[in-house]
Amino acid sequence: MKRRYSILIILLVAIFYRMITFRFKYLLGYDPYFHLAYIEEVNKVGKWINFLTFAGGPWGYQVKLFHPLGLWMTPLYLYKLLKVFGVSLTTTFKITPVIFGVLTVIFLYLSLLKLYDEKRAFFGGFFLAISYGHVFRSMANYYRGDNYMLFWYSVALLGISLALGIKKGKWKYKRLIFYTLPVLASGFSAIFWQAYYPIFAFLLSNALLLAVGAFILKKDKYLLDSIILILSTAFGVLLANYLGGIFGYGMLGYAKWLGKSVAKKLGLEFGYLKDVYLILHLKYLVPISLSFVLVLILLGFLTKDIRIRSLFLGIASFIGIIILFKRFEALKELSTGFGIFKEAPILETQPTSFKDLWAAFSLSFFLTPLFFIRFKKPRVEDFLTLGLIIPSVYMLKTWTRFLFIGSMAIAIMSGIGIVELYEAIKPRLNGKKALATGIITLVILPGVIAGLSFKEVCSLHPEMNEAWERALKWLKNNSNENDVILAWWDWGHFITYYARRSPIAQGGPSVGVALYLLGKLNENWAINLGVDYVIVSYYDFLKFGAILSTANLSKRYNIRGYGLVVLPLRASTGALIFENRGYRAIVRHDKSWNAVIIYNGQMIYPRKLYVEHKEGVQEIKPPESNSNTYLYVNLNYGYAIFMNGNAFNTTLVRLFITPEKPYKLVYSDGGLIKIFKLEHPNVKVERRESNVILNFENGTSLGLYFFLDNGTMVLSKWYNVKGKNEFIVPKVNASVARYVLKRGKKVVDRGVFRLSYN
């Protein structure tokens with residue numbers, strides 16, 4: 001196949017797979033809604049802002065403590081280029097992941113072309129183009145930062161391949177200039193994603209394995225490439241540190257709690273370098289790696305015997321690892337994010353299961369061992385590739401989050417492996433058998449993998465829907481700009497985007513919210529956080545297991561004995577039949593409502609039956625009951641919820657079915673989403689002419705805290721407001737203000753609002 005056709009096929013396939021999800025009206029997942037909300041706000045005011053008042057309730061949210069600005073700059077500046085063609089900001093945001101995902105595929109193809117040959121480059125690029133493991137974080141409508149990290153690594157790999165691909169001629173040493181690409185790529189990756197560090201680990205591993213290959217294969221001239229690649233990561237660290245001062249540092253930066261915590265664990269101090277990993281890399285990993293290569297160079301002069309070289313190599317590697325972990329024992333916790341993700345019930349930080357691997361890579365995962373056929377007659381390029389494979393495999397087994405980052409290694413191994421298999425078999429066959437083998441191996445098998453990946457991509461659907469959009473837009477139009485919202489954390493970014501209101505939980509599990517929904521914390525806890533509205537939904541019941549797991553992180557409460565199952569409607573002829581997970585609820589309405597639940601052959605009659613229809617929720621006491629269970633039936637949307645007494649008595653269920661004061665139902669769509677106003681002395685921000693006025697009732701003291709947009713507090717003061725119902729906010733040179741309203745010593749409301757964009 002001609003090269004131009006190969007790259008065209010890979011390009012079209014990569015675009016096609018990643019644009020499948022563009023058909024959706026809504027974004028996929030949760031985090032993209034926060035990113036788009038921030039970008040829209042920046043575009044509206046015409047400048048970069050740090051302190052957000054519609055996130056992180058009730059305190060507000062500082063973007064500088066999240067990702068570097070490059071994550072949001074890219075789609076915004078791309079939009080400024082595309083808007084002349086009529087492309088909207090939302091559309092630009094949706095397709096930005098596709099652009100960088102496709103570029104990653106193309107750069108991988110070009111890299112493999114220089115390192116190997118056309119066939120291996122084509123299949124390596126093709127497998128990455130169709131890999132669901134790569135597609136699902138580089139597809140339209142799903143915007144995530146790790147897409148940029150892998151893109152920049154592909155740029156770095158291209159630079160390495162260009163440097164290694166020139167064997168002789170006048171470019172023999174000038175070729176080393178291509179190692180500036182790893183410098184730039186690793187440095188620039190720091191401004192696009194807060195967890196960009198794997199690119200440095202990959203490049204360092206590439207360098208070390210390149211040295212190992214050169215040493216074992218007696219290709220000692222490549223040891224120079226290894227040294228230069230190691231040094232390129234050092235210059236990349238300096239560039240990343242410099243850019244961090246402009247665009248913001250990564251998650252291990254000096255101003256972030258994780259950076260401070262890990263620095264303390266590792267015994268590191270911030271100085272010129274403002275990031276824990278950058279310090280660790282430059283001060284320890286680079287010197288140890290250089291020492292390792294220099295030892296290999298010295299040994300190369302002493303012996304040419306491969307067995308002796310291999311022995312010394314093993315000893316040197318073992319000593320290097322011992323030194324590193326002896327100096328930094330806390331590195332043993334690296335795979336758990338230094339302990340912060342050991343128990344958190346987040347799907348992305350769970351160990352990878354076979355089911356996850358199958359969904360991400362299907363049959364291509366089983367082709368990966370074929371890559372090692374090359375090691376019958378290895379080349380230094382194979383060892384360089386191992387430098388990506390080894391850390392990728394470690395990451396793959398650690399977290400499902402790393403399926404994407406490991407997808408490039410899987411694509412390379414399976415793509416090259418399938419060619420190795422074919423070329424190993426082909427000489428033993430001739431005629432039609434050789435042709436049939438070629439068709440099966442190089443056409444049908446990749447086609448099956450492509451089909452399985454296509455099925456996975458097509459199975460995706462947004463968590464956001466019209467019910468959420470209607471509810472949150474209603475909330476935006478019927479609440480105050482400073483109102484604080486309580487909902488399960490998965491919906492927090494939805495609230496930020498559609499309602500432009502501040503949720504108290506978003507982007508990560510909240511133990512407090514979980515305990516509140518289970519009734520372990522009451523409304524006084526919520527009022528102390530300034531909560532004005534509480535959202536409960538049908539979707540919360542689908543997350544009930546996660547709510548229990550999150551609440552279990554608290555050591556104060558015993559979270560046991562909760563039983564709840566959601567039962568979809570399966571049949572409606574004669575009787576309503578709801579069924580799921582072995583439970584079957586049969587509900588009839590003759591002269592009155594009655595219900596029975598069948599489980600393991602046992603007939604269970606609930607203590608109470610609740611039926612919601614267009615007129616509202618109807619409570620029915622069945623004529624007979626033999627259990628402390630409850631059944632809620634929703635006729636509007638065709639589902640039922642069967643629960644035991646513990647689950648029924650949670651705040652989540654009580655609000656959804658039988659709300660009481662101080663909660664007032666203000667919005668309901670009949671069974672999907674319900675919004676309650678938590679009635680308490682509430683502060684309302686009002687703007688009259690040039691004044692900002694706080695309206696309230698039943699308060700005795702008001703605390704105001706004024707901040708610059710960069711998060712610096714410039715003034716804090718308490719005011720006596722007893723007998724007053726409004727307060728004119730003093731004019732202070734500040735951008736954001738937090739408020740706390742007290743009645744006596746009790747906090748009755750709090751929140752945050754913007755003063756200006758200065």
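Glycine too: its Cβ is placed from the backbone N, Cα and C atoms.
In the three-state DSSP scheme, Asp31 (site 'Interacts with target acceptor peptide in protein substrate') falls into the helix class. Of all Cβ atoms in the shown protein chains, 16 besides its own fall within 10 Å of the Cβ of Asp31 (site 'Interacts with target acceptor peptide in protein substrate'). The site 'Interacts with target acceptor peptide in protein substrate' annotation in Swiss-Prot covers Asp31 (among others) and is backed by similarity to another entry.
Remote same-chain partners of the transmembrane segment (93-113), defined as residues 6 or more beyond its termini with a Cβ less than 8 Å from a stretch Cβ, comprise 3, 6-7, 10-11, 14-15, 18-19, 22, 27, 32, 35-36, 39, 74-75, 78-79, 120-122, 124-125, 128-129, 134-135, 137-144, 147-148, 150-151, 154-155, 157-158, 160-161, 408, 411-412, 415-416. Marked as transmembrane segment by Swiss-Prot on the basis of sequence analysis: 93-113 (among others).
Under the heading transmembrane segment, Swiss-Prot lists 121-141 (among others).
Arg137 (site 'Important for catalytic activity') falls within neither a helix nor a strand when secondary structure is assigned with DSSP, and so counts as coil. Look at Swiss-Prot and you will find Arg137 tagged as site 'Important for catalytic activity', backed by similarity to another entry.
Look at Swiss-Prot and you will find 146-166 (among others) tagged as transmembrane segment, backed by sequence analysis.
As annotated by Swiss-Prot, transmembrane segment applies to 176-196 (among others), with the evidence given as sequence analysis. Residues 66-71, 74, 145-146, 148-149, 152-153, 155-156, 158-160, 162-163, 203, 225, 228-229, 232-233, 235-244, 246-251 of the same chain, all 6+ positions outside the transmembrane segment (176-196), place their C-beta atoms under 8 angstroms from a C-beta of that stretch.
Residues or ranges marked as transmembrane segment by Swiss-Prot on the basis of sequence analysis: 197-217 (among others).
The transmembrane segment feature in Swiss-Prot is assigned to 227-247 (among others); the stated evidence is sequence analysis.
The feature transmembrane segment is assigned by Swiss-Prot to 282-302 (among others).
Per Swiss-Prot, the feature transmembrane segment maps to 311-331 (among others); the stated evidence is sequence analysis.
Under the heading motif 'TIXE motif', Swiss-Prot lists 340-343, citing similarity to another entry as support.
Residues or ranges marked as site 'Interacts with target acceptor peptide in protein substrate' in Swiss-Prot (evidence: similarity to another entry): Glu343 (among others).
Marked as transmembrane segment by Swiss-Prot on the basis of sequence analysis: 353-373 (among others). Outside the transmembrane segment (353-373), and at least 6 residues removed from its termini, the chain residues within Cβ reach (under 8 Å) are 127, 131-133, 136, 385, 389, 396, 400, 403, 407, 410-414, 416-418, 420-421, 424, 445, 448-449, 452-453, 456.
The feature transmembrane segment is assigned by Swiss-Prot to 380-400 (among others), with sequence analysis given as support. Distant neighbours of the transmembrane segment (380-400): 115-116, 157, 160, 164, 198, 201-202, 205-210, 212-214, 216-217, 219, 222, 335, 341, 347-353, 356-357, 371, 374, 406, 408-410, 412-413, 416; these residues of the same chain sit at least 6 beyond its ends, with a Cβ under 8 Å from one of its Cβ atoms.
Arg401 (glycophospholipid binding site) has a Cβ environment of 19 other Cβ atoms inside 10 Å. Positions annotated as glycophospholipid binding site by Swiss-Prot: Arg401.
If you look up Swiss-Prot, you'll see 402-422 (among others) marked as transmembrane segment.
Contact between the transmembrane segment (146-166) and the transmembrane segment (402-422) holds: at least three of their C-beta pairs are under 8 Å, each pair 6 or more apart in sequence.
All protein chains considered, the CB of Arg137 (site 'Important for catalytic activity') has 21 other CB atoms within 10 Å. For Lys543 (site 'Interacts with target acceptor peptide in protein substrate'), the count of additional Cβ atoms within 10 Å of its Cβ stands at 20 [all protein chains shown]. Note: the CA-CA distance between Lys543 (site 'Interacts with target acceptor peptide in protein substrate') and Arg401 (glycophospholipid binding site) rounds to 20 Å. Taking only the Cα positions, the spacing between Arg137 (site 'Important for catalytic activity') and Asp31 (site 'Interacts with target acceptor peptide in protein substrate') is 12 angstrom. Long-range neighbours of the transmembrane segment (227-247) within the same chain, counting only residues 6 or more positions beyond its ends whose Cβ lies under 8 Å from a Cβ of the stretch, are 68-70, 73, 160, 176, 179-180, 182-191, 196, 200, 203-204, 206-208, 210, 253, 272-275, 278, 281-282, 286, 289-290, 293. Across the fold, the C-alpha of Arg401 (glycophospholipid binding site) and the C-alpha of Asp31 (site 'Interacts with target acceptor peptide in protein substrate') stand 14 Å from each other.
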